[in-house]
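Feature list (source: Swiss-Prot):
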- Thr230, Ala231, Glu232, Glu284, Ser384: L-serine binding site (BINDING)
- Arg261, Ser262, Glu263, Glu348, Ile349, Ser350, Ser351: ATP binding site (BINDING)
Amino acid sequence: MLDLKRIRTDFDSVAEKLATRGVDAATLSQMKTIDKERRDLLVKVEELKAERNTVSAEIAQAKRNKENTDDKIAAMQKLSAEVKNLDASLAELDAKLTEFTTTLPNIPHDSVPVGADENENVEVRRWGTPHQFDFEAKAHWDLGEDLDILDWERGAKVTGARFLFYKGLGARLERAIYNFMLDEHGKEGYTEVITPYMVNHDSMFGTGQYPKFKEDTFELSDTNFVLIPTAEVPLTNYYRDEILDGKELPIYFTAMSPSFRSEAGSAGRDTRGLIRLHQFHKVEMVKFAKPEESYEELEKMTANAENILQKLNLPYRVVALCTGDMGFSAAKTYDLEVWIPAQNTYREISSCSNTEDFQARRAQIRYRDEADGKVKLLHTLNGSGLAVGRTVAAILENYQNEDGSVTIPEVLRPYMGGLEVIAPK
């Protein structure tokens, strides 16, 4: 959620930055007008309340003096009615302001490239060289079916499209991957957490999914619960409405959880394979940091995600998202895209973002600065470390052999009882 004070005092700059995210300046101008109307009305209400208090004191004094108070009581009743009406008007203006502030995206950091969509993202660096096969590379969904480790047909029968069963060595591979990821993040100082897989609406508001992106989620009817779209939601809301000791920062959390997404608007995209599912596992990283340290922490978090890909020896590139392609809550985002041979392209496998104080303001997560004792909003960061299903896809395709088998990356073999190859039966 944006800071109204910043919009008031730095309107032109904020409007210019939000315009790069598709926000019409007229929308901000309307918001500014409503805010001024509210502040002017608030002054009037306070003046009337002060006047009412004065009249109330005069009535009390008149009663002590046994004087007639009818006129003063009538005046106070009139003032009370005016205050009540103005309070109702204030409530309406507050609702309008809330609608604005909760649906406007975050202000992009100065270092974010300006652009309309993913075509204007900027490549930062590459690691590894895409493997050139001397045979025709298979897609991971064909490899998974041929090896009898992934079953989409029965996933569709049991549930529907974009669901699958991992079975046998496929299930073991997935488990090996996320255990490896969690162990690596643990070495970097992250505290491992097992979160609830359902959260309430306040939590969804805190991280920015609600109210704007309700259509992307699975709500449990007749309850206040939502299936989590990412562990970012419960991890970030862990400290909702709390004040932390500044000496404890930064705090690092990591969690593996299922993620549930309706994929609204994705009809026809990635209809086969592990890239876009309604339910998938993901290892998440979340940080709570002081504002002056948050961008250094973003670089570290991105490096933590890169470390996983490097140890798996999967070629990838890092991309800085442009203003038009960033997520709603992000002030700056790096995407990690892994090489997918059958598609002859890089595909997103991680997204690491600094939301600055955007989520902290919504969730009221603050810290007491040990330097001056003041309570301040902290910065929150989140990143995938990594999307597990997409990592399975990348391993199957990059480690495939001409005979249809798949070599297990060396770092995963201890998690699979020393197994080196998944071979056709």
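Residue numbers in this text run from 1 along the chain shown.
Backbone N, Cα and C atoms are what each Cβ position is placed from, and that goes for glycine too.
Sequence features, as recorded in Swiss-Prot, placed on the structure.
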residue	record	Cβ contacts under 8 Å, 6 or more apart
Thr230	L-serine binding site	Ser257, Ser259, Lys282, Glu284, Asn382
Glu232	L-serine binding site	Thr207, Glu284, Val286, Asn382
Arg261	ATP binding site	Asp216, Thr217, Phe218, Pro229, Leu277, His278
Ser262	ATP binding site	Glu215, Asp216, Thr217, Phe218, His278
Glu263	ATP binding site	Arg162, Asp216, Arg276, Leu277, His278
Glu348	ATP binding site	Asp335, Leu336, Glu337, Ala387, Arg390
Ser350	ATP binding site	Ala305, Asp335, Leu336, Gly383, Ser384, Gly385, Leu386, Ala387
Ser351	ATP binding site	Gly327, Thr333, Tyr334, Asp335, Leu336, Gly383, Ser384
* Spatial neighbours, same chain, of Ile349 (ATP binding site) - Cβ under 8 Å, 6+ residues apart -> Leu309, Tyr316, Leu336, Glu337, Val338, Ser384, Leu386, Ala387, Arg390, Thr391, Ala394
* **Packing count at Ser384 (L-serine binding site) (other Cβ atoms within 10 Å of its Cβ)** => 28
* Would you count the other C-beta atoms found within 10 angstroms of the C-beta of Glu284 (L-serine binding site) for me? => 29
* To do: Grab the L-serine binding residues from the record (Thr230, Ala231, Glu232, Glu284, Ser384) and give me their largest CA-CA distance in Å.
  => 9
* Enter the number of other CB atoms within 10 angstroms of the CB of Ala231 (L-serine binding site). => 28
* Asked: In terms of DSSP three-state secondary structure, what is the assignment for Thr230 (L-serine binding site)?
  -> coil
